[in-house]
Each structure stands twice: as structure tokens, then as C-alpha cells.
Amino acid sequence: RHPPPLTVDIYSLSADHAAQDRISSEPAECTALTVVWPPLYQFSPARLLSLLLAAIKPRERPIGMADKVVATYYYPPMEVAAAELGHTAGSKLDDDGRNKRTGTMWTASSHIITAVIGSGVLSLGWAIAQLGWVAGPAVMLLFSLVTYFTSSLLADCYRSGDQSTGKRNYTYMDAVNANLSGIKVQICGVLQYANIVGVAIGYTIAASTSMLAIKRANCFHGNGHADPCKLSSVPYMIIFGVAQVFFSQIPDFDQISWLSMLAAAMSFTYSSIGLGLGIVQVIANGGVKGSLTGISIGTVTPMQKVWRSTQAFGDIAFAYSYSLILIEIQDTIRAPPPSESTVMKRATMVSVAVTTVFYMLCGCMGYAAFGDAAPGNLLTGFGFYEPFWLLDVANAAIVVHLVGAYQVYCQPLFAFVEKWAAKRWPESTFVTGEVEVPLFRTYKVNMFRATWRTAFVVATTVVSMMLPFFNDVVGFLGALGFWPLTVYFPVEMYVVQKKVPKWSTQWVCLQMLSLGCLAISLAAAAGSIAGIKSDLKVYHPFKS
């Protein structure tokens with residue numbers, strides 16, 4: 001057996017010629033600051049005892065050349081390169097000086113799955129109802145393949161240059177800054193933060209709809225299904241907004257990890273309940289509903305059929321949206337070998353496959369249960385009335401999930417604005433100062449943070465009251481984020497990173513993919529806008 005890691009004064013070995021010969025004759029086993037011990041049987045018992053007593057001097061501080069000492073450690077072949085960089089398996093730091101990352105393919109896969117499976121899954125039954133049994137699953141499969149491919153391109157942009165030793169990019173915007181320049185970086189920043197604002201509005205709508213659904217489910221259970229149980233969603237939006245005002249005062253992203261984990265558990269809870277209810281409904285119907293081409297002309301006009309079909313594309317795109325957080329997830333993966341990009345590609349394949357199977361089940365079961373009448377939101381559209389308590393549990397889980405998801409998405413925007421303000425007005429006590437607020441214990445409150453975050457929540461809540469259309473907003477958000485953030489920027493960064501020659505076969509294929517996805521996004525956005533316009537004809541803001 002090899003000896004355990006030891007710290008040895010190199011000069012105490014100078015008298016031992018066998019050790020010197022061993023060191024000089026096998027330089028391949030040595031790394032910087034490393035001496036490989038010969039097998040212990042080559043030492044006489046007396047010599048071994050004297051070495052152990054006189055030469056071994058354990059040290060508590062890091063080893064340096066000035067100390068004239070070396071660490072004795074037998075590196076497995078794959079760890080030699082890491083040792084030369086100074087971040088061995090025993091080190092607590094990675095090559096960038098940050099705490100050692102411990103993520104694996106399985107942890108990265110779980111992060112992606114919990115981030116992706118959210119409220120968007122509830123609209124998939126409606127989306128397939130617009131497209132039918134042929135186009136619906138085919139479009140979902142197409143989006144999954146495009147998402148996997150472009151995510152693989154984006155994974156290669158985590159490090160600039162060499163995939164094992166290049167400079168790390170910690171966020172999506174870091175990767176864009178490292179590979180692109182000028183107006184593209186600015187456009188990406190605007191789109192990224194606009195998408196965050198849109199998601200905040202969408203989550204407010206979805207949460208209030210679920211709270212309203214709990215109230216209506218209890219009303220239907222008590223008064224019967226003939227009672228219209230007409231209620232306004234405005235009070236519930238205000239309740240959600242007030243909750244977000246308080247949660248938004250949490251200063252840092254790393255302080256809400258517990259909220260994120262709770263949100264992930266809730267997303268699986270309500271998604272599984274929706275899937276289970278769909279299966280039960282199909283069994284109760286005695287068969288599968290729906291048609292090959294989706295909702296038929298006559299039920300809707302030809303133009304409505306077109307708009308609703310394109311809006312369905314946006315709903316499906318929204319359900320697969322996670323490119324903004326891919327780099328952050330990749331930054332949790334432990335250092336090479338293998339490279340983070342290799343691990344992330346495997347994690348993406350696993351997570352997209354699992355997500356697609358789950359989406360197919362939820363979407364297809366929703367359509368099979370209700371056919372052309374599939375509701376826009378499987379749990380709040382009252383395709384199901386009983387068991388009312390299970391619907392209440394599912395909708396409560398949605399609310400809890402969206403409380404956490406709102407913060408997970410908005411904290412980066414909060415931090416961006418606050419850092420910009422501190423840089424712009426460094427002397428302002430309003431921007432950089434803190435006020436002590438005595439409650440149960442003394443809290444330090446930054447006035448700019450409190451004012452800006454409260455204003456943001458109020459603004460998104462007011463907009464949600466004006467446009468409380470879950471399906472239309474989800475479709476528009478999917479269209480807004482899919483092409484630029486999931487396809488265009490990953491393709492452009494990959495072309496720069498890999499130096500793909502212009503007009504080469506690979507370059508042309510990548511550009512054709514980008515243009516095709518642009519056309520889909522534009523069509524989805526147009527369909528969602530048409531849906532919002534149609535809904536506004538019968539909706540009265542702040543009243544309905």
C-alpha cells in the first residue's frame with residue numbers, strides 16, 4: 001500500500017540515496033511540489049523509523065516553495081493535471097479559487113427537471129387540443145430535440161477556450177459577454193430582464209387563478225355545479241403581491257435556497273395530481289377523446305384555429321424554457337475530468353428525456369380526458385370538480401411553488417438594478433446606507449432595496465390585474481424567450497467559440513435552425529397577442 005499524504009522536509013531525504021535515485025529516475029510520477037515515495041519495503045526498519053521520527057513534520061498551513069517542503073501524495077493518473085493546477089482532490093477550492101464544486105450528472109439533471117417542470121405543464125392539454133393527436137405530440141417532440149441540441153451548444157460556452165482549463169463563465173450573461181460583443185450583448189441583457197418581468201407577471205396570474213380555483217371548488221362542492229360561483233381574481237392578486245413584497249426583501253439569492261427546494265417539491269405535487277386526475281377521467285369516460293387534427297372548424301372560426309394553433313406553439317416553448325439557468329446549473333458540477341460540458345450534455349439528455357415523457361403524459365392525458373374542451377389550465381379550468389379536497393391540495397401546491405419561483409427568477413434582476421444604482425450613486429445614503437429596524441430582533445434595511453423591490457412587485461401585480469389571461473400570457477412568454485435565449489444566442493456563441501467558418505455546411509445548418517425557430521416564435525407571439533386582444537373584448541380590467 002502507498003503511504004498516506006505526508007509533509008516531508010526535502011533536506012532530510014538528502015542522505016537517503018535510494019530515495020534520491022527513485023525520485024530522479026521516475027520524473028513522470030512527480031508533479032510540481034510533489035515527491036513520490038518508494039515502496040516501504042525498500043527501507044530498512046531502522047532507517048524507516050528514523051525517517052518517521054526525524055523527517056515527518058505535519059504542517060497546518062498551505063505548502064509553498066519558500067517552505068522548502070513537499071507534499072507526499074500518490075495521484076491517480078487522471079488527477080495529475082489537476083494537481084499541477086493546485087486543486088487536488090483534497091483541496092477545498094477549485095481552480096478559480098471558489099469553494100470546490102460537488103455536482104454530478106444526476107444532481108444537474110435534478111436541478112433542470114425541478115426548474116423546468118412548472119406551471120407551464122398545466123396548459124399542455126389545451127395546447128395538444130389545438131393541434132390534435134398527430135401534430136401535438138410531434139411538436140412537443142420537436143421542441144424537446146431543439147432544446148436538447150441548443151442546450152448542448154450552450155454547455156460548450158461555460159468555459160472560454162479549453163473545455164477543461166479555460167476561464168469559467170458563471171452566468172448566461174457572462175457567456176454572452178465572453179463570446180459576443182456590442183449591440184448583441186445589450187440586446188441579450190434587455191431580453192433576459194424583459195423575460196424575467198414577463199415571468200413575474202405570468203406567475204402572479206397563475207397564482208391568483210389557483211387561489212381563486214380553491215374558493216370556487218369549495219363553492220361548487222357546497223352549492224352544486226349549477227351555481228356559477230363568479231368571483232374576481234383581483235383580491236387574490238393583491239394577496240400574492242403583498243406576500244411577494246415581504247419575500248422580496250430577502251437580500252441575497254443564496255438565502256432563499258430553502259424556498260427553491262420547497263417550490264420544486266410543490267411542482268411535482270401538483271403536476272402528479274393533474275396527471276393522476278387525467279388518467280382517472282379517461283378511465284371514467286371509457287375511452288380516449290380527441291381527434292387527429294385537434295379542435296375542429298365550426299367550434300372555432302378558421303382564423304381562430306390558426307391563431308390558437310400558433311399560440312399552442314408558444315405554450316409548449318414556455319414549458320421547455322430553462323436556457324437562462326443552464327450555465328448556473330453547470331457551474332455546480334465538479335471540476336474535470338470529465339469536463340463540465342461533457343457532464344452537462346449527459347445531464348441535459350437525461351432531463352429533457354424525463355421532462356418530455358412527463359409532458360407527453362400530462363398533455364396527452366389532459367386531451368384524452370376532455371378532447372376539444374380541454375381547459376387552458378388543467379387544475380383551474382374545472383374540467384374536474386371532485387375530489388374537491390385533492391384539487392385544493394394541488395392548487396395550494398401551485399401557489400406555494402409560484403411564491404418561490406417568483407423569487408428565484410426575480411432575484412437576479414433585483415441584484416442587477418441594485419448593483420447598478422450603487423455604482424451610479426456610491427455616495428447616496430438612500431442607495432448604499434442601511435437603517436436599523438427594531439422588531440423581534442434588529443434588522444438592517446436598505447431603503448433603496450426596499451423601495452425598488454416593492455415598486456417592482458406593485459407594478460407586476462397591476463399589470464397582472466389588467467391582463468389576467470393565463471394561456472395567452474404563457475404563450476407570449478414562451479415566444480419571447482424561446483428563439484433569442486434558447487436558440488439564437490447559444491448558436492451565435494457556439495459559432496464564435498468553435499470558430500465555425502462562415503458559409504460552411506455546419507454554419508449554414510445552424511443558421512437555418514435559428515431562422516426556423518425565429519419563424520415559430522413570431523407566429524406564437526402573434527397568436528398570443530391575438531388571443532389577448534380577443535379576451536379583452538369581454539374582460540373588464542380590475543373587475544372580472
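Start at 1 and count along the chain as shown; that gives each residue its number.
Any Cβ shown, glycine's included, is placed from N, Cα and C.
TrEMBL labels come from automatic prediction, so no person has curated them.
Features of the protein shown, as given by TrEMBL:
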DOMAIN    101-532  domain 'Amino acid transporter transmembrane'
TRANSMEM  108-129  transmembrane segment
TRANSMEM  135-158  transmembrane segment
TRANSMEM  193-214  transmembrane segment
TRANSMEM  262-284  transmembrane segment
TRANSMEM  350-368  transmembrane segment
TRANSMEM  388-409  transmembrane segment
TRANSMEM  450-470  transmembrane segment
TRANSMEM  476-496  transmembrane segment
TRANSMEM  508-532  transmembrane segment
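Counting C-beta pairs under 8 angstroms (sequence separation of 6 or more), the transmembrane segment (476-496) fails to reach the transmembrane segment (450-470), with fewer than 3 such pairs. The transmembrane segment (262-284) makes no contact with the transmembrane segment (450-470), as judged by fewer than three Cβ pairs under 8 Å among residues 6 or more apart in sequence. Between the transmembrane segment (108-129) and the listed ranges 135-158, 350-368, 388-409, 450-470, the one holding the most Cβ pairs under 8 Å is 350-368.
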